[in-house]
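Read through the structure below, which is laid out as structure tokens, and then see the notes.
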Amino acid sequence: MTRALFALKLRLLHNGPHDERAFSLVTGLILAALVIWGASPAAHGVIHEDWIAVALTVWGGMWLFGPLTRPRHDPSVISREWLRGYPLPSWRLARALSWTELLGVGPLITLACLSSLAVLAAPGGTAAVAAAVAAMAAQLYLLIWAGKTVAALAAWLLQTRVGMTLAAVQTAIMLALSFAGWVPVAAWLLPRLGEGDLALVTSTAGRLPEPVSDVLAASPTGWGYGAALAARDGAGAEPVLLPLAALLASGALLHLCWIALTVRALRRPPRRASPRRPAVPGRGLSLPFTTPQVAAVVSRELATWLRDPARGVELRTAWLTPLLMALIIAVTDWSWALPLVGPAAAAFGAMAAVNTYALDGTALWQLLITPGALKNDVRGRMTAWALLFGLPSIALAVVLWAATGSPLGGAAVGGAIAAAAAGCAGAPLLALVMPAVGTDARDRFHPGQQAGDPTGGQMTIFPGVLLAAILPGVIGGPWWGTFLIAVLLASVILSGLPALTVRLLQQRATGLLEAMATRDTAALRPVNRPRAARSSRR
Amino acid sequence: MQTPGVPAIEVADLTQRFGTVLAVDRLSLSIEPGMCYGIVGPNGAGKTTVLTAMCGLRHPTAGTVRIAGHDLRTARETALARLGVMMDGLSLPERLTATEVLRYSAGLRGLDGGWRKRAGDLLEVLGLDAVPRTLIVEYSTGMRKKITLALALLHRPPILVLDEPFEAIDPVSAHSIEQVLEQYVDAGGTVVLSSHIMDFVERNCRRVAVVVDGRVLVEGPVEQVAEGSTLNERFVELVGADPVRPLEWLA
């Protein structure tokens, strides 16, 4: 059975898309080569070997946290759905499947990276290298099963009702650390930047503080490293064998956990988390300054943001990330930077809403058959975005300015106004021109399902919103000038972009519907696609 | 409900090409108002493609579609206002309840207050009022067909275009949909539908078009097309069915 599953996986890998896998392989091998290259001078004392421990810890962290950074991505190549109907014992099937998990880019590049241990141990002679090779294998075994178990656990949790919040918290933590994780370090190096003082506080470089290197060596990602160093230094059998035994025992335990989780997945069909239902079936929404048509769209949008699993993750992520960023900044001496979280919140809101047309999927047909609906739909989406993300981000900047009295407060509020306008008008436009088509709305029940990868749209809108946020501060001068420029900029954006979006929607909506019905964005090109490519229902 | 003498739907030389595949080949139909009109054909014959072009969900490669005399290309909004559409296999605003989606549709169309009564009636006769808090995404196939029909009827259009309204649903749901459609046609409405359920077409449609390979093979009153057989027998005869050789291993 293992051989059949191996053959199936090889065939799937061969026939599947290669772009992402090839990119991971090349990038991974380059990074692994850098670690190996670094291990050689470390072995000879040119740089401190602690840095290899850092590299291996980061690499191990990728195995553990990698699946969490993409909470809506199912990493399994062989679907459990296909195997559920076979009259085979689940444990046997899961055990056979577990061996196929070793086949992939991740184990290969990790093995390449871990070969740095052999380079580190080389000065200790052949026996030390042999021990390092054993450490490589044991460390790889642990990392693979730790990563796979975390991914399987996350996949299971995502099918529960808390999955939406869980996925959002994971993503928000990763984003907040990516965008504000450098602030504590910068605040330590430049403690008085807020007062215009650029005096740099430097420290002794070359090696890590001792407690940090102790923690790295003691953590499971450092056990193989510890064994290799012990072998090189001739520290005796115990310091070499003990970490190897710990690696193998922990790896075996995690392997067993993964098998148990897979058995569960094989025995039970995927859970269909009951969606959040309205306590009282919806009431109409009346909004000032809007027509009933736009109010109807706003009402639909607000309900969808709160109830759709994919949009729910984006909404929570966009709200949580700026708050976590504020928390990170607040514990440093850079409290003057806090109001800048306001424009950042607008940018995250824009990124959250950059794929709404694809997420709503083929429901677009309802707009196409309703006279005048496309224009009202764009306006309604913008109004809902302003209520959920735009106004809160401006309010956040104002509150944090008031709380900190920061000299950048005026620029931050002006930036938040301009950024909110850019996000409000830009998100529907990019949702239309860069749709990331995934599972149709009617078939999505939990955030673990593929809902389209909007990274391209997010990477496009982020610099646009950032630019809009920066401009008022750069050209505005005093706070009132900044405010005035921000309002002018927002007016220009809001009067130009929505008209463009409506015009493009009128031109492209039928193609977009076709693309979503067939899950083939090639349908967005002017030439029609062959009918053979259409969905199987027809 | 409609202007006398003007066809409810007029399709002239409709052609739809997907790359090198010719899905619809110069197809023409003229559907008089106040009748139920059936379009039947084997899978892949082009029925859905014709219906999607009829209701403006696809721009045809060539040809024209007129709804109550209004050209879909030049007077799209006016033409669409006459239509109620029920498409198969497409999403709706999935995270709304039945009441919410009807309210949304009424708001989007700018309907007057009368829609509330109609929505209540539709939910009741289609049996959707029993699940007021259930979201569309949780609906069964039959419930989806019913809510889509309710959406299509809410604004009281004179013409209904229905894509496979009876496929994959239980007999009870089919019965309630059939009853609503009968009332609609009796009141002067026009229904154009595609279906594989020959029994329904024979029972309810006045005229039928058999579409094969994107072309109309036969068109006319149902009795005339059936030529004394059942519509199902005549359909198999027209389309042609290869004999299935015996499979020894099934014995």
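Cβ atoms are placed via backbone N, Cα and C, with glycine included.
Outside the transmembrane segment (A:21-39) by six or more residues, the chain places 13, 47, 51-52, 55-56, 59, 105-106, 108-110, 112-113, 115-117, 119-120 with a CB less than 8 A from a CB of the stretch. For A:21-39 (among others), the entry in TrEMBL reads transmembrane segment.
The transmembrane segment annotation in TrEMBL covers A:51-69 (among others). Same-chain residues lying 6+ beyond the ends of the transmembrane segment (A:51-69) with a Cβ under 8 Å from its Cβ atoms: 31, 35, 38-39, 42, 75, 106, 110, 113-114, 116, 120, 139, 143-144, 146-147, 150-151, 154, 170-171, 174, 208, 213, 216-217, 219-222, 224-225.
The annotation transmembrane segment is assigned in TrEMBL to A:102-122 (among others).
According to TrEMBL, the feature transmembrane segment maps to A:128-158 (among others).
If one looks beyond the transmembrane segment (A:165-190) by at least 6 residues along the same chain, the residues whose Cβ comes under 8 Å of a Cβ in the stretch are 65, 68-69, 71-72, 154, 157-158, 197-202, 312-317, 320-321, 324-325, 327-329, 331-334, 337, 344, 348, 447. Annotated transmembrane segment per TrEMBL: A:165-190 (among others), in sequence order.
What TrEMBL lists as transmembrane segment is A:240-266 (among others).
Here TrEMBL flags A:317-338 (among others) as transmembrane segment.
Under the heading transmembrane segment, TrEMBL lists A:344-370 (among others). With a threshold of 8 Å between CB atoms, the same-chain residues lying at least 6 positions outside the transmembrane segment (A:344-370) that come near it are 175, 179, 304, 308, 310-311, 314-315, 317-319, 321-322, 325, 377, 381, 385, 388-390, 392-394, 396-397, 416, 419-420, 422-423, 426-428, 430-432, 434-438, 440-442, 451-452, 454, 457-458, 460-462, 464-466, 469, 509-510, 512-513, 516-517.
The transmembrane segment annotation in TrEMBL covers A:382-403 (among others).
The transmembrane segment annotation in TrEMBL covers A:415-438 (among others).
For A:459-477 (among others), the entry in TrEMBL reads transmembrane segment. Long-range neighbours of the transmembrane segment (A:459-477) within the same chain, counting only residues 6 or more positions beyond its ends whose Cβ lies under 8 Å from a Cβ of the stretch, are 343, 346-347, 350-351, 354, 408, 410-412, 414-419, 421-423, 426-427, 430, 434, 483-486, 489, 493.
For the transmembrane segment (A:483-505), same-chain residues at least 6 beyond its ends with a Cβ under 8 Å from one of its own Cβ atoms are 374-375, 377-379, 382, 410, 413-415, 417-418, 420-422, 424-426, 428-429, 432-433, 468, 471-472, 475-476. Annotation comment: TrEMBL describes A:483-505 (among others) as transmembrane segment.
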